[in-house]
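Report on the structure given below.
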Amino acid sequence: MRVCSEASPRRRQVTMLVSLLLFSAQAGFCARSAAGHSGILSLGDPAASGSALGAAEDVGDITFAEAVNSAAFDTSAIFENKLYACSTPNGASVVRLAQPRKCHKYTDSTNMTEGIAVTFKQNIAPLIFNATLYYKHITTVTTWKGFGLAQITNEYRTRVNIGFGEIKEDIDGKGECVTRAAYNRNKVVYEAYDNDVYGVYKPLVPTLLRSPSTRSFHTTNVTQRRTALGYRTSTTVDCVVEYMQARSVYPYTYFGLATGNTLEISPFYKSSDKHSRYNLYAEDRVYEALGYQARDLETRVLAPPHNRNFVFEDEFTVAWDQMDETTTACTMAKWLEIPEAVRVSYNKSFHFNFKDLTATLVASKTPFNISRLHLGGCVPRIANETIEAIYGKKYKNTHVRSGGIEYYLANGGFLIAFQRLVSNDLAELYLDEAARQNHSAVSRSKRAAPSGGGSILSGPAGDLINTHTSATFAMLQFTYDKIQKHVNMLIGNLLEAWCEMQNRQLVVWHEIKKLNPASLMTSMYGHAVAARLLGDVLAVSKCLEIPIENVVMQDSMRVPGDPSMCYVRPVLVFKYPAAADSEAMRGRVARPANNSDVGGSQQAGEAEAQQHVGVHGQLGEHNEILHGRTLIEPCKASHRRYFLFGANYLLYEDYKFIRQVNASEIEEISSTFVNLDVTLLEDLDFVPLAVYTREELRDVGTLNYDEVVRYNNLYNKMFRDLDTALKFDDGLATLRAIGEFLTNTLGGAGKVLGNVVMGAAAAIISTVSGISSFLANPFAALGIGIAVIVCVIMGLLAFRYVMTLRANPVQTLFPGIIDVGEKARQHATVRKDEDASDKELAERVLRGLEILSFESEVRKRREKAAASAKSTLAKRIGQFLRHRKTSTKDDTRKLLKTFDDEDYYYDDEHL
């Protein structure tokens, strides 16, 4: 809502009348609201208050540039139903309405020419040609075989190239290859022989490597692997010839193979122009064979003589036929064929309209010189062939060709080949007019000229078609131009009528500005403004949005103190929104042009003071807030009024507020708008048009990823002798054959005998296989070795023990006896009685031998009684040496006399 300058009721009634008549010119007014109503009457909408400050920032002076730039606005913004308050325009910003302008008639015309068009695009597809790959595949395998299965300990693979002489004499000459290879590694020449047999000539046979673009031939499909005992090394030499496709992209400085290898040499290399062709190889690695005949190893047929290039890499040799760049490569490719094309001439360009394809290409009027195109020799050839085919099929009997093929370079990098066509009737007029001008008779048989040269340039001077002065032709041309002019004039009249209507509307606006300038300027700007007339110009100021919660409506429209007078519009109290600072608030009201404008400064101060003090006003039309309460009238009986407040209406009866009425309860009349139903364009179905297909985009580049991966997968399978590997079953096949023989010859008995033989053989083979597998296991061999070492050590210890027992049996069997004897000898030395000690020792030994003999007999009896209680002689001897007694509970006899006897213990007095 805005606060606008006050006007008399009569003037406002006239303004409303004009607004209703010219509602389209007065699309909006100062105020908008999105408010509700409740109680008496503090109306507010918290949802709308959030945007109050944002809208308030637009308040200020309006320059003339803003008025011009706001000519195109969004009309939906006028009816947002928000409340605005506007400062009184003081003349700081003035605008004027434009004057009616002169309307020009549309007289532009175009020249259209029909014909056949062929469009070309850049050729992004690589150059594809056939190449042959020669190499020898060397495989060296080292195996180890012990008592079990054989093991591969090392496998070395490499490829070496094949010399030109061998290729010419053997491969392409005889269709065979020698299984010997000589190669240089680190300045050392090595030789390899297949199966370690000196070079043998073998025929080249097809391999598993087969694809639509690749074929391969080799001499062997078995990789040699020896399985004799110990370490063995075997060598395989396979001679391989592969036919594949090579690819190269512009500018054709290198090419790639299906193997993934690239060669840094131009595919158009020739020795005659080798300095102008890219080549990274030394001279001895590139050889040009003149009149070379290559052999197809599949059909065994020699090709016609052709110059052929050979490049010798370390791992392979590549050969391909020499090609002419101008006839083989082309930088352009045909895109579209347009049998019905129209060339429309404009001031600076040609528009080539392809209706069937729903496409138009724009090109310069200057024809393109096709000779400027590098490697563009294919363009005229393809264009002539295509246009000739279309003309012979569709236009041969109805049209003739006018001139030759013209080339135009269109925007976007498209090359257009255009052939102009003229109908036979129009061509006759051309020829008749040319004949009259040259005073020569031309018979009607000239109509057959298109079948020969296909052109109407058959006049004596050769330029007859360029003079178009025939009256008959002019009539025909006028008919065509009339139709074209009628269509163009129809559009021109609409434009002229629109211009005249705008001029007349300007006149109405000049009158409306005298009645209600604020409504007029609001409609023009597209947002709420305040305006007043200053002579022949308008003073304009922007408006401040008032939040709905800052507006308080009063429920009575009677003037206090005078019961006979009432307010014409509802009265209210409002407050300006709080500003961020005083300067920002001053910018929201009409600012004076200079500091000497005291009135403007006072107004800014008043506006700043009104931020915090309520301002008395009245609710104006279209959510306007009028400063003051001066709109009064004598009170009338049966008073009933609806006033727009925000988006809804307030109902007053007898100058008292009754209720709030929703806008949906009041019927809206929209018949003030007159719809114009005009079909501007005909229905058009667009045709999908792609410059490059998916296959073309996928095929871009020197290497084809799918082809390289497929080749590598097939290559890995080519030498793995899958089809020739022998599967051994450890002799079961032979035994099975014997069983079948017995069954077939002896019948049922033979079958039983065969089953017995097969069962026994299977058991034997399983046992032998188990033992062989156990011996072949490295852990089993390690365990056997450890067991042998332990047995040897145990044998040495046993041998030493036996030798010791033989030398000193008593000391070996009874080591404790020696200690007792030594102690006894010490006592005997003290007593000086060695003889007695020796005698006693001998008695003890004899007694021990007797006890040992008895114990041996007892042990034998117990072994017979309980076979499970077994013990070795060593265990018995150990127990005897540790305990000096038997391990049985029944035998409680002492082995020897204990040391408690007085013979072995003496008093101190004996020492």
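Just so you know, glycine gets a Cβ as well, placed from its N, Cα and C.
Looking up Cys543 in Swiss-Prot gives a disulphide bond to a cysteine among Cys4, Cys86, identified as Cys86. Given the ranges 143-149, 549-555, 668-674, the record in Swiss-Prot names 143-149 as region 'Involved in fusion and/or binding to host membrane'.
When Swiss-Prot is consulted, the disulfide partner of Cys499, picked from Cys103, Cys177, Cys791, turns out to be Cys103. Put simply, Asn369 (N-linked glycosylation site) is 65 Å from Cys543 (disulfide bond) when counted between their Cα atoms. Asn384 (N-linked glycosylation site) is surrounded by 15 other CB atoms, counting those within 10 A of its CB over all protein chains shown. The number of other CB atoms found within 10 A of the CB of Cys330 (disulfide bond), across every protein chain shown, is 23.
Nearest neighbour of Asn221 (N-linked glycosylation site) by Cα distance, taken over the recorded positions Asn130, Asn347, Asn369, Cys378, Cys635: Asn130. Cys330 (disulfide bond) sits 16 Å from Asn384 (N-linked glycosylation site), taking the CA atoms of both as reference points. Same-chain residues lying 6 or more positions outside the region 'Involved in fusion and/or binding to host membrane' (228-233) and placing a CB less than 8 Å from one of its CB atoms are 140-146, 153.
Counted with DSSP, the region 'Involved in fusion and/or binding to host membrane' (228-233) comes out as 0 helix, 4 strand, 2 coil. If you compare Cα positions, Asn347 (N-linked glycosylation site) sits closest to Cys103 out of the recorded positions Cys86, Cys103, Asn384, Cys635. Separating the Cα atoms of Asn369 (N-linked glycosylation site) and Cys499 (disulfide bond) is a whole-number distance of 45 Å.
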